[in-house]
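To start, the structure itself, in structure tokens.
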Amino acid sequence: MTEERLIIPRKTNNKFFMMIAIGVVLVIAGIIFMATGGGADHGAGHGDAAAVAHEPASWFKRLLVNLWLNNVYFTGIALLGVFFVAVQYVAYAGWSVLIKRIPEAMGYFLPIGGALMLVLFLVGGHDIFHWTHDYLYDINDERYDPIISGKASYLNFGFFLIRMIIFFVVWILFFNWLRRNSINEDLNGGTSYYHKSIRISAMFLVFFGVSSSMAAWDWVLSIDTHWYSTMFGWYVFASWFVAALAAITLTVIFLKQNGYLKMVNANHLHDLGKFVFAFSIFWTYIWFSQFVLIWYANIPEESLYFLARLDSTYKWVFFVNLLVNFVFPFLVLMTRDAKRQMIMLKIVTIAILLGHWLDFYLMMMPGTMRGDAGIGFIEIGTTLIFLGVFLLTFTKGLAKASLVPVNHPFLEESIHHHV
């Protein structure tokens with residue numbers, strides 16, 4: 001089979017740059033509104049800020065939190081793209097060979113995500129994470145917090161940075177290792193690269209299992225420092241994975257509609273649809289298990305986390321999150337035909353990508369912005385900037401190699417895949 005190369009038109013790249021430019025303009029507009037005391041940028045989150053005893057958040061804090069939110073979200077999608085490839089290798093999967101270059105290319109965002117994460121934490125750690133303040137650990141200070149102080153051996157500035165650097169360095173090394181083997185397989189053929197990739201994937205998955213949960217604790221859970229959930233690592237993984245599956249499926253559809261991936265057919269779409277459907281239910285299972293156990297136990301120090309989201313301006317986000325990420329994909333993708341139709345999959349995957357952004361918004365904003373959050377210019381602008389950068393990086397990565405791994409040993413199985 002001959003190579004199939006992605007050619008990115010200048011017009012497409014210009015659209016991505018335009019997306020970034022619009023995002024920058026919106027962020028600047030949002031900053032001006034906040035700096036001059038305008039309320040237009042507070043969107044839906046300005047209702048009961050007075051009910052929360054704290055000083056109004058500055059535009060700088062709001063910008064930092066939104067940058068952190070989007071970086072965690074898009075880094076997770078990139079990481080779970082690599083995870084998807086690794087799972088296909090260790091499972092000896094053949095159906096996914098024709099589409100494997102898509103999740104593979106997502107990993108190109110990881111170095112950008114790592115650099116931004118490091119800078120954001122060094123610049124804005126105090127604004128994002130309450131536990132970074134030294135007075136919380138000083139027993140002679142009236143602001144001393146015995147609960148947070150008890151977590152100091154894990155939640156401290158140095159160890160947090162070390163973990164972050166280790167996670168990204170190892171993730172990027174594994175990504176580059178898998179990618180290099182994949183491209184060398186195209187060039188040289190044979191099965192040695194395939195078997196080597198299986199061993200690499202197995203090692204990556206072991207590290208991923210530990211590091212992804214710890215990253216969820218560090219980057220998201222520690223925002224609400226007093227609260228914890230033993231299911232939280234699984235919850236963040238599920239949200240990341242559904243978003244990554246939606247991104248993979250949406251990319252396959254766009255490429256098909258633009259004349260690429262000619263050998264991909266309704267059977268491959270059906271399997272992708274089943275993945276999206278199944279892991280939307282898995283996300284809901286984790287969501288329900290975590291929420292119901294805590295809510296009905298009604299232990300104050302545990303239920304406060306959900307009270308901050310239900311008895312506040314975030315209430316609408318709480319229920320929209322459940323509707324968009326479970327009810328909508330569950331009802332739309334229930335039938336076999338729906339999972340094989342590009343228009344249905346396109347609608348659902350776009351909704352899921354927006355829905356799981358909202359999920360991360362709901363995880364982070366109540367603990368950082370309290371009642372001063374909203375979905376306004378800064379939120380939309382930072383998301384557009386990250387989306388534009390992600391798409392530029394992702395498409396550039398896709399164009400570096402053939403869209404079809406021409407010498408993969410299971411290529412024929414993928415071409416003739418039928419369900």
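Including glycine, each Cβ sits where the backbone N, Cα and C put it.
Nobody curates TrEMBL annotations by hand; they come from automatic prediction.
Since we're looking at a predicted model, the values are computed, not measured.
Taken from TrEMBL as is:
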TRANSMEM  16-35  transmembrane segment
TRANSMEM  72-95  transmembrane segment
TRANSMEM  107-126  transmembrane segment
TRANSMEM  154-178  transmembrane segment
TRANSMEM  198-220  transmembrane segment
TRANSMEM  232-255  transmembrane segment
TRANSMEM  275-296  transmembrane segment
TRANSMEM  316-334  transmembrane segment
TRANSMEM  343-363  transmembrane segment
TRANSMEM  375-394  transmembrane segment
Long-range Cβ neighbours of the transmembrane segment (72-95) (under 8 Å; 6 or more residues past either end): 102-110, 113-114, 117, 171, 174-175, 178, 194, 197-198, 200-202, 204-205, 208, 212, 219-220, 236-237, 239-241, 243-245, 247-248, 267-268, 271, 356-357, 360, 364, 386-387, 390, 410, 413-414, 417
Contact call for the transmembrane segment (343-363) against the transmembrane segment (154-178), three or more Cβ pairs under 8 Å: no
Selection from 107-126, 198-220, 275-296, 316-334, 375-394, the stretch that has most Cβ pairs under 8 A to the transmembrane segment (16-35): 375-394
The transmembrane segment (375-394) vs the transmembrane segment (198-220): 3 or more CB pairs under 8 Å: no
Leading stretch by Cβ pairs under 8 Å, where the reference is the transmembrane segment (275-296) and the options are 107-126, 198-220, 232-255: 232-255
Same-chain residue ranges lying at least 6 outside the transmembrane segment (232-255) that approach it to Cβ under 8 Å: 6, 73, 76-77, 79-81, 83-84, 99, 102-103, 106, 212-217, 220-221, 261, 264, 268-269, 272-273, 275-276, 279-280, 282-283, 286-287, 290, 325, 342, 345-346, 348-350, 352-353, 356-357, 359-360, 363, 394, 403
Within-chain partners of the transmembrane segment (198-220) [C-beta distance under 8 Å, separation at least 6 from its ends]: 68, 72, 79, 82-83, 85-87, 89-90, 92, 117, 160, 163-164, 166-167, 170-171, 174, 177-178, 181, 232-237, 240, 360, 363-364
